[in-house]
Amino acid sequence: MERLHNSVRPYAWGSRTAIAELLGRPVPAPHPEAELWLGAHPGAPSRLVDEEGVHRSLLEVLGADPLGQLGADCTQRWGERLPFLLKVLAAEEPLSLQAHPSAEQAAEGYAREEAAGIPRDAKNRNYPDPTAKPELICALTEFHALAGFADPQRTVGLLRALDVEQLRAHTELLAGQPDSDGLRALFTTWITLPQAALDQLLPHVLDACVRQVKDRGEYDIECRTVLELGEAYPGDAGVLAALLLNRIVLRPGEAIFLPAGNPHAYLHGTGVEILANSDNVLRCGLTPKHVDVPELLRVLDFSYGRMPVQTGEPVADNLFVYRTPAPEFELSRLQWPEGGGSPVSLDHVGPQILICVEGSVLLRAEDGSELALAKGDSAWLAATETPVDVRPATPGGTLVFRATAGACTPAA
Ligand SMILES: [Zn+2]
């Protein structure tokens, strides 16, 4: 049971307030703070801090004692590395539209790019590592995103409401085939439009969105999003692609799982994200970076419909688990109302990371050791740790997130 110090990633889309406020630093921060990384990613591993204030890289600690830190089950399945990365993500501006490969696609793509001799850090490298990158995002504030293809019938309604002359043929293409094949055809048409055609088309689409927003019609939120994206990424095919996706608003505690092939873009808000420790990203737009269209079309999943929103399954008093098919990770929420309640017992055998985002808690291990976590504090629990009880230490509401390797909590 050791305190963690974590790196902040200063990407330009980040918030100047959310992470600084969580960590108890002056607000606003001097530059954007996009993500707080909790884990052992080689790019920015967390550091363990002992009582004397000595820092050690979690990556090096795992390397020196993989069995003790990760446990037999985890090392057998994932080797001598932490299979997940936990983040606090704070988006002030929209992120790129992206999708991630499946395990098979990642292994195949990695082998192909290795054989072709493309350096792992090259700009045109799609698969810097051979593993999948499933993700789950859980809202801390109201959280806005685009994720998954929307029902094409609804999209046809949206396109007809926009009533853009230059989109009429595209609308009828989808209306004539309102299914995955129709979505694939229309997405492919839009993502491969020459820049000159995009530059001509997009102003008409944006004008139509302005009209919709003025009328506060059925598609108000979709049209506002297109306008926002059109301003942030002028001339980008991703602005059109956004018309095909579900516009999602998560309330605090609600989460969506993003499986392989799912197109998604986070727009605005603060959340806790858990993901497999991989960097395999295929961009679909809303980015100045290279979009590899043929590779993207191989990976994208054109199934459609509303994304299931999870609130966490209660498995014990004050403990809620977000179930996903991803074997790499599991996210749980420990939450007590004002006035507290019974402690949560963590008897899981495997590596765990905890972060306190509201109130404060006391961790007490069976061997008698204790660790207090205030808001913004986080802890590493090694696999060989004796069972730990977590209890609220202040009378207000208390909220802690817990990351573990996959499928470790029995169903209720
Ligand atoms: Zn993603």
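The backbone N, Cα and C atoms fix where each Cβ goes, glycine too.
When TrEMBL records Gln98, His100, His264 as binding Zn(2+), the matching candidate from Glu60, Glu135, Glu228 it lists for that site is Glu135. Here the region 'Disordered' (101-129) is broken down by DSSP into helix, strand and coil counts: 13 helix, 0 strand, 16 coil. Long-range Cβ neighbours of Gln98 (Zn(2+) binding site) (same chain, at least 6 residues apart, Cβ-Cβ under 8 Å): Pro263, His264, Ala265, Val281, Leu282, Arg283, Cys284. Close to ligand 1, meaning a Cβ under 6 Å from one of its atoms, are these of the recorded positions Gln98, Glu135, Arg283: Gln98, Glu135. His100 (Zn(2+) binding site) carries neither a helix nor a strand DSSP state and counts as coil. Counting only same-chain residues six or more apart in sequence, the Cβ atoms lying under 8 angstroms from the Cβ of His100 (Zn(2+) binding site) belong to Ala132, Lys133, Pro134, Glu135, Leu258, Ala260, Gly261, Asn262, Ser278, Asn280, Val281, Leu282, Val299.
Counting every protein chain shown, 20 other Cβ atoms lie within 10 Å of the Cβ of Arg283 (active site).
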